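Residues annotated as domain 'Acyltransferase 3' in TrEMBL: 12-332. Summarising the annotation, TrEMBL assigns transmembrane segment to 49-71, 91-112, 218-235, 287-308, 315-338.
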Amino acid sequence: MPKLRSTLSDRIRIGRTLCIFCMTFVHVQPGIADNVYDRDAGAFDIVYFLITRIVGLSAVSLLSLVSGYLVVSTFGKLGTGKLFASKFQTLVVPLFAWNAVMLALLLAYAGLSGNWRDVPEATPLGIANALFAITQWPVVVPLWFLRDLFVCVLFVPVLLFGLKRQPLLVMGALVAFTLFGEEMLIMQRPSLLLFFGIGMWVRVAGHDEAAIDRIARPLAWGLVAMVAVYLTIRIQRVSIAEMDESLRISLDCLLRITMAAAFWRLTELVRRSSFAGVATWLEPYTFVIFCSHAILFQFGGIAFRPLFGNYGAELFWVTFVTLPLLAVLGAVAGLQAIGWSKPLLYLFNAGHGVPPLVRRAAVEPGRA
């Protein structure tokens, strides 16, 4: 596989930063048991829906596509055994480590408060789910993505074999798995394998940056239609969870693929802007932001709710905006704090090192 152009690498780094930051908003806890999307839609309700349900939840689809795109060359360099071992270190080890931290904190909080509601069942399967998301969500819910991404990696040899020979047949099988594979418990979100496979297909087909942009351009415009559909659903208070399952999954996939295309187009605009340096500076911290933000929100919400109220309160927006920013600051500070320890970096940052706080921006605005 040819080496990636520097502009493509820059856009991938920018895309990681944008997608993961937007995704954090999804996990700011509203503090109420009611479905926040089943309310009369005021101005904040619409903004909240756009940021969380439309942008935040769909942003990770670009991460899946990029992972599939990059894994093709990684597989070519490492082979099957070394690829699996490498991804076990970078995906499964942090999955366990961060969930173990969350479980310890939940147990400590339950012991102090007497509230055991969020503590998983003390059974072998309950603990396995809490730490590894075997059949249910882990205690750090967003980390299902690491679990599912590792499953995707296990399929790489088979997918690559098929995509080089019968790509349409493979894509058809992945679409079928997306629609009907949830009950198999192979993956928490079967659609992730579809996007991962699309990313692999793009790389196998030899598409360069310009070709990817040509594919993304019309798809990005399709996002306008998908946003209109989802806004209509929200304003009319249609329950997405109660939709026909095939329709729900199809709409979700269409939203995710168009959102991924829009984010990809956005990376080029950002790359040419003054924000490029900030986005690439933050990129080495995005893994810790991703893994830690839900833990911060779980316990930060306990402190914020008495001050700013739950969803529906006039000041809830303060919590909604502030917690994601604190997640970024906390990840930067936390990663710098453990930078001296290789074992801690192995557990919590997939073995990656820590960049210096002060460093030259990796991308110069407007660079061709």
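Cβ coordinates come from backbone N, Cα and C, glycine included.
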Selection from 49-71, 218-235, 287-308, 315-338, the stretch that has most Cβ pairs under 8 A to the transmembrane segment (91-112): 287-308
Mean per-residue pLDDT computed across the domain 'Acyltransferase 3' (12-332): 96
